[in-house]
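Enquirer: Supplied in structure tokens, the structure appears directly below.
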Amino acid sequence: MAGSGGQKENNLETPLLQNDHTTKEVNFRVKGMKCASCAGSIESVVSKIEGVESVSVSPLQGRAVVRYRPDLTNVDTIKESITGLKYGVDIDSSSQEIATCRLRIKGMACTSCSESVENAVRLVQGVKKATVGLALEEAKIHFDPSQTNPTCLIEAIEDAGFGADLISSGLDINKIYLILGGITNSLEEYTFIESVLEGIEGVSTVEVDPTCQRVTVCYDPDITGPRSVIQCLQEASKQGTISFDVKLDTPSKRGEVERYAETRSYRNQFLLSCLFSIPVFIFSMVLPMAGSSGEWLEIKVKNNLTVGMILRWGLCTPVQFIIGWRFYVGSYHALRRGSSNMDVLVALGTNAAYFYSVYIALKTAMSPNFEGEDFFETSAMLISFILLGKYLESAAKGKTSDALSKLTELAPETVFLLNLDSDGNVVSEAEISTQLLQRNDVIKIVPGAKVPVDGVVLKGQSHVNESMLTGESRPIAKRPGDKVIGGTVNENGCIFVKATHVGSETALSQIVQLVEAAQLSRAPVQKLADRISRFFVPTVGVAAFLTFLGWFIAGVIHLYPKHWIPKGMDEFELALQFSISVLVVACPCALGLATPTAVMVATGKGASQGVLIKGGHALEKAHKVKAIIFDKTGTLTVGKPSVVQTKIFSKITLLEMCDFAAAAEANSEHPLSRAIVDYAKALHQQYGLSNNDFSTLETKDFEVHTGAGVSTKIGTRSVLVGNKKLMHLFHIPIQHEIEEFVSDAEQLARTCVLVAIDGKICGAFAISDPLKPEAGLVVSFLKEMGILSIMVTGDNWATARAIAREVGIEMVFAEIDPAGKAAKIKELQKKGMSVAMVGDGINDSPALAAADVGLAIGAGTDVAIEAADIVLMRSNLGDVITAIDLSRKTLDRIRLNYVWALGYNILGVPVAAGVLFPFTGVRLPPWLAGACMAASSVSVVCSSLLLQMYKKPFHVEEAAVVPETSDEGQSPV
């Protein structure tokens with residue numbers, strides 16, 4: 001298959017017209033070069049390859065950089081040309097372009113199927129990583145676009161016996177698809193359309209596919225967008241000699257449509273099978289017990305062949321071979337790839353019952369003395385019950401992604417686009433599709449309407465309900481300059497919003513993508529099911545065969561009494577019934593669904609509660625957490641520090657000191673720096689001066705001293721702004737008066753920032769960052785959960801202890817830099833503790849990555865959020881408890897699912913094999929065994945669905961409504 005994948009790469013069908021002169025660059029590590037002549041020979045050979053535009057070879061670094069056109073050549077061809085010169089060649093993976101795509105997989109029934117899909121995809125040349133989700137019925141594949149593409153991947157999956165459709169590709173970013181209408185498919189028309197699109201500023205590539213009458217356009221979103229492209233084509237159609245229609249090809253909700261179609265297909269197949277299997281059941285089990293009303297079934301047609309047997313045979317056959325054809329197809333593909341699945345078990349069981357019954361029917365027709373009992377009802381009813389189970393399972397699995405479906409439906413379909421003049425007055429207004437919005441568009445959001453994209457309020461005031469995204473129940477006030485998030489609801493005022501993020505860039509789209517990726521990821525606990533699935537079906541097959549041999553041999557040599565054999569059966573038929581029951585009662589599906597369905601429901605539920613969990617791995621690790629490390633600023637505190645006190649220690653004025661300090665801190669993004677800058681601005685306002693006077697001061701030699709402060713030169717004067725550590729670093733003496741001021745401030749949980757000019761401390765700022773109202777309750781509740789709370793901060797010891805004392809944290813580590821935070825986590829991990837880290841800033845990202853579970857405050861930096869395993873969208877510490885509690889509830893549910901799935905098989909197989917029959921006379925007929933198998937997988941999915949009833953712990957809700965504390969001393973002067 002790898003060979004076929006590579007072969008197809010060179011023979012890809014391309015559109016009739018294509019304007020794709022883009023180039024790609026690949027770096028090779030070349031071994032064996034000794035001098036410049038070696039480099040020259042490589043350059044000479046590679047440059048002759050058609051499509052290679054430039055070659056640069058460095059013998060000292062042992063590297064070759066080649067720029068080429070992917071439509072004319074590929075990486076393999078270039079690599080082979082260098083290998084032909086007897087040099088060792090490897091592709092530099094750090095420079096290699098990796099694309100991703102998501103595929104919808106059809107026909108998977110159990111974990112064995114998902115593993116088969118993964119193996120088939122991984123054999124394709126160029127595939128780097130493949131993850132297949134059984135419950136989600138999707139695959140996410142990372143591949144080298146120069147070696148393969150989504151079409152080859154789909155073909156590989158189809159060769160393995162499964163269906164596949166492309167959902168999305170990483171190559172689709174900033175790409176639109178247009179559908180053409182009213183054209184005659186002439187070359188002139190397509191050339192005209194292509195030339196128009198090439199002339200649009202911001203359009204990089206154009207591909208025209210005449211067979212589908214579709215145009216693919218890649219563009220720069222900072223310059224143009226879908227609406228501009230469509231408008232240009234419409235204008236060209238009106239003004240030119242060629243007339244045509246154009247519209248945006250919007251991706252429909254194919255996943256939901258296909259899942260609904262699959263559920264409906266199972267339902268229809270089940271109902272169709274009932275048309276045959278119910279009469280079979282009546283003819284075989286009801287009428288024979290109804291006395292004279294069923295005597296006509298015993299009328300003999302030929303020898304001992306009865307009317308009832310012929311009717312059962314005729315009704316069972318379409319169920320076995322037409323309705324049950326799907327099981328034959330599934331078995332064929334499974335056996336062809338050297339594996340086995342549930343289809344194999346069903347096909348074996350139903351075929352054994354059907355063909356044995358056919359044998360009985362033929363023998364009774366040919367022999368006047370032979371009488372036998374057929375099992376046609378076993379085959380028909382078994383298939384019907386399995387289809388019923390599949391229908392119920394499919395319907396239940398659709399419910400597991402309800403939370404995600406609700407998220408995708410939050411954005412409105414249309415929006416009011418405004419055209420403003422230079423003074424900001426509305427010139428015109430038009431209602432357009434949300435998918436046609438572009439960056440910097442101005443839109444109107446009326447009361448009660450949903451915000452379509454992320455943006456900034458330009459005009460108007462309102463309250464926006466963000467509960468559907470963040471879980472925050474109180475509407476948030478929005479004024480000009482405030483940000484709004486797509487998918488939220490405008491409550492009571494009309495606002496004008498400037499779009500800043502559209503399409504896949506919006507927060508809503510990214511949340512959906514994150515949740516989808518989380519649902520696709522495989523939790524470590526899933527490995528148990530994966531290991532079992534590898535030998536499950538063969539083991540069941542062997543068990544069924546041994547069951548048959550055991551009962552048959554025991555019957556032949558009379559190890560059990562004759563009256564154990566039901567009326568109308570013999571030893572062979574009884575043994576066959578037991579073996580068929582063993583085949584069909586075992587259910588690998590329940591094991592395969594135990595983990596992914598629970599993870600799907602939990603991640604979706606978490607997203608609706610404002611907790612984004614990045615996959616099953618994070619979900620599983622969170623339940624083991626025994627210690628949580630909190631950052632101070634922005635995590636335990638509000639993250640908006642303000643200057644509450646100032647002190648002058650020299651003859652310099654307060655205004656001068658603030659100007660020097662603000663000028664030095666203006667280049668820093670630290671929250672304390674912003675507090676000083678804001679204080680300086682407020683002071684200037686009080687004195688009626690310009691807010692930005694301090695920014696005119698020329699600074700040079702600016703340097704950040706991590707965990708200490710900043711140093712710079714302003715004019716001819718040397719300025720230091722930071723803590724005592726910075727002063728000691730520059731050997732600046734700290735007088736007793738200064739020490740007392742610093743000590744008093746720190747006892748009040750304030751951070752003291754010293755300002756030194758020309759080697760002498762001239763003043764200080766006392767900065768306070770109020771605690772979050774819920775911090776104390778969260779720490780208390782974590783203690784009840786058996787979790788140790790620890791605070792690690794770069795702030796001084798006195799302030800850290802004061803904050804910790806206020807919230808109830810007993811273990812504190814202060815004056816620690818970002819690397820030290822990560823080291824402290826590793827130190828705790830060496831003691832055997834599972835550690836979680838809660839932080840919000842760039843300086844927290846090393847610690848978030850080092851922790852077993854990283855939890856990022858949603859209002860924090862992108863770097864921190866990227867490094868975290870769990871994102872708290874509300875920035876409410878109560879959601880830390882929600883994340884851990886949801887993790888524990890989910891793992892409990894997964895364990896319960898495994899207990900049910902494994903327990904069912906462990907108990908069901910022996911009962912089906914007849915262990916209880918000698919003692920109780922209880923026997924599990926094959927059709928009833930099939931019903932039990934169907935019920936097991938449905939019950940596991942329904943068990944996972946119970947997670948949708950999850951509610952946050954009471955204490956978390958209580959913490960969320962604690963009134964905010966007032967912050968004294970907020971006056972700017």
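Cβ coordinates are placed from backbone N, Cα and C, and glycine is handled just like the others.
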Enquirer: Looking at 850-873, 898-921, which one does TrEMBL call transmembrane segment?
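Expert: Comparing 850-873, 898-921 with TrEMBL, transmembrane segment matches 898-921.
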Enquirer: Which range wins on Cβ pairs under 8 Å with the transmembrane segment (535-560): 270-290, 310-329, 580-602, 898-921, 927-947?
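Expert: Answer is 580-602, with the largest number of Cβ pairs below 8 Å.
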Enquirer: How does the domain 'HMA' (174-241) divide up by DSSP, counting helix, then strand, then coil residues?
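Expert: Counts, helix then strand then coil: 26 helix, 20 strand, 22 coil.
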Enquirer: Looking at the transmembrane segment (310-329) and the transmembrane segment (270-290), are there 3+ C-beta pairs under 8 A, with each pair at least 6 apart in sequence?
Expert: yes
Enquirer: With the transmembrane segment (898-921) as the reference, which stretch in 270-290, 580-602, 927-947 has the largest tally of C-beta pairs below 8 Å?
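Expert: Stretch with the highest Cβ contact count: 580-602.
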Enquirer: Using DSSP, tally how many residues of the domain 'HMA' (99-165) sit in helix, strand and coil.
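Expert: Here the numbers are 22 helix, 24 strand, 21 coil.
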Enquirer: So how many of the residues in the domain 'HMA' (24-90) end up helix, strand or coil by DSSP?
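Expert: Helix (H, G, I), strand (E, B), coil: 21 helix, 24 strand, 22 coil.
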